[in-house]
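The transmembrane segment feature in TrEMBL is assigned to 26-46, 110-130, 142-161, 198-219.
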Amino acid sequence: MGRKRDSVPTAAASLLRWLRRLPTKLKVLLGVSAMVVALIVLRMTLKTELGKLSIASELSHAVGIIVLIYKLKTQKTCSGLSLKTQELTAMFVATRFICSFYMGHNTHTALDFVTLASTLWVIYMIRFKLKSTYIEEQDNFSMYYVVIPCAVLSAVVHPEISYFRIGQYLFAFSGYLESVSVLPQLRVMQNAKMIEPFTGHYVFALGVARFLSLAYWIIQIYNTRGAYFFLIGSGYFWILAAILGELLQSFILADFCYYYIRSYIRAQLIMAIPA
């Protein structure tokens with residue numbers, strides 16, 4: 001029995017060493033292949049219940065926020081966190097929450113409310129209760145670089161929905177802003193040159209959320225053989241822009257998620273080595 005247990009970390013260590021020796025291009029190819037396999041499994045599992053992917057995406061985001069709340073409550077510090085990412089998150093979730101009152105109440109509305117309330121609590125803790133531990137110098141990404149372009153783009157490319165016109169702009173704005181809201185947090189990590197565990201868990205949860213959201217769009221396009229682009233009147237450019245936004249954030253988070261998983265496996269291997 002002991003040999004079988006020991007063989008698990010040994011095999012994992014060998015696999016990790018093999019992956020580290022691979023060329024970067026081959027690693028990217030393996031990563032893309034893994035994503036394709038995951039998409040196929042999701043499509044075969046969910047079939048016509050693709051709405052569950054959107055709910056799972058928002059749940060993953062909510063779990064990430066809960067991780068931050070746990071960090072703030074137990075460690076009494078907000079070091080390593082970006083206040084600007086939390087403010088951008090509150091901005092796009094609040095905008096989407098407002099739109100839901102005109103587009104229909106559903107599960108997404110409830111999840112948005114929970115996420116918004118949790119994010120506002122995190123912002124309150126960073127700004128007031130734990131202000132002394134907030135390192136403002138590291139959180140130096142200008143929000144204007146993302147808010148203004150998203151606002152302009154939403155005025156140009158937005159869905160042609162049958163609700164009040166400003167709702168079209170707000171819905172598009174929330175989608176665009178969500179795709180780039182994590183940038184300040186990544187800048188903090190770069191400036192700090194280290195990633196605290198709970199912050200890493202939070203960003204990884206965002207990466208999972210983005211993959212699930214992107215999977216929803218890709219599977220919808222496949223199921224309709226591309227006709228999904230034209231389902232919302234003249235919304236072709238909006239859907240294309242939305243998918244590009246999902247791809248952008250997925251690309252931004254993919255590198256982090258790769259190193260997060262690798263470091264997690266390494267940590268587990270170290271713990272498995274007998275003292």
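Placement of Cβ uses the backbone N, Cα and C atoms for every residue, glycine included.
Below 8 angstroms of C-beta separation, residues 55, 58-59, 61-62, 65-66, 68-69, 72, 76-78, 81, 83, 86-87, 89-90, 93-94, 96-97, 100 of the same chain, each at least six residues beyond the ends of the transmembrane segment (110-130), sit close to that stretch. Taking Cβ pairs closer than 8 Å, the transmembrane segment (26-46) reaches residues 19, 52-53, 211, 215, 218-219, 222-223, 254, 258 in its own chain, all 6 or more past its ends.
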